[in-house]
């Protein structure tokens, strides 16, 4: 019997001028989700059930960019994606292009448990959801007034808008994309602060699991797929650890960031904290991202090279922390 640990995140790349009330609102949500996960672990739920339970809660609350409150595509619609992975046998499920599934992470779990595949997308994923009887809603359910306004700003800036919640003077104007020093695949972007959500857990049996869910980028091209549903990039779990990433999706994809944590633990013999530090410093090139991770030994760690990351973690020995910066 080992020790359990849990971590959650709500995105890396926080605006330094983020209003205090927004910070506190995020901390309250992360704390609530941690407590849900802790209660589940104390009830001896396996890690895979706990990560699904926690990410469902994050998808249901419109504060972060997943489920209700997801970022809008260039067409003003929502296309969500999610993945989940169970460490002991490296079983996984992923979905992309969802427009009516209320909780994408649970459909990803069904892909893992009830289909012969690991990844379903767009109309195929929606059809599978209908056959599985999951809760479906109109696309309008996911769209919030704030996001409609932010999409308008992004279009005026002719840019993918990362920090789509916090309009800043000089950031979202017509010249913002031209003036921004940040780039994605060589193209300018505006302020960087995606708010993907994720959870990683190790239970008392030493089983690790991870789940990640997102609406993607504000004003993204229709059909764009990020790192969150890609096993090994945005999400990974094995017998050593569980990892969920957030940030510049294209950089996370190029570096297969989540798998890299497990790889350097396995091949370089690093512990969890050393592995997280190593991949953040050495595997992102010029990309900006963050991650949360747990190990089979009950360790928990987070790392990021952005100004901040919405995050929280707790361990069986009573440690609990929620932070932004």
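Cβ atoms here come from the backbone N, Cα and C positions, even for glycine.
Note that the structure is predicted; figures quoted are calculated from it, not measured.
Taken verbatim from TrEMBL:
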- 196: active site, nucleophile (ACT_SITE)
- 224, 225, 226, 227, 246, 247, 248, 249: substrate binding site (BINDING)
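Residue annotation for substrate gives 224, 225, 226, 227, 246, 247, 248, 249. The furthest Cα pair among them is separated by 16 Å. Cα to Cα, residue 248 (substrate binding site) and residue 196 (active site, nucleophile) are separated by 10 Å. Sequence-distant contacts of residue 226 (substrate binding site), defined by Cβ-Cβ distance under 8 angstroms and a gap of at least six in the same chain, are 81, 196, 214, 216, 217, 234, 249, 250, 252, 253.
All protein chains shown were included, and the count of other CB atoms within 10 Å of the CB of the residue listed as 'active site, nucleophile' stands at 34.
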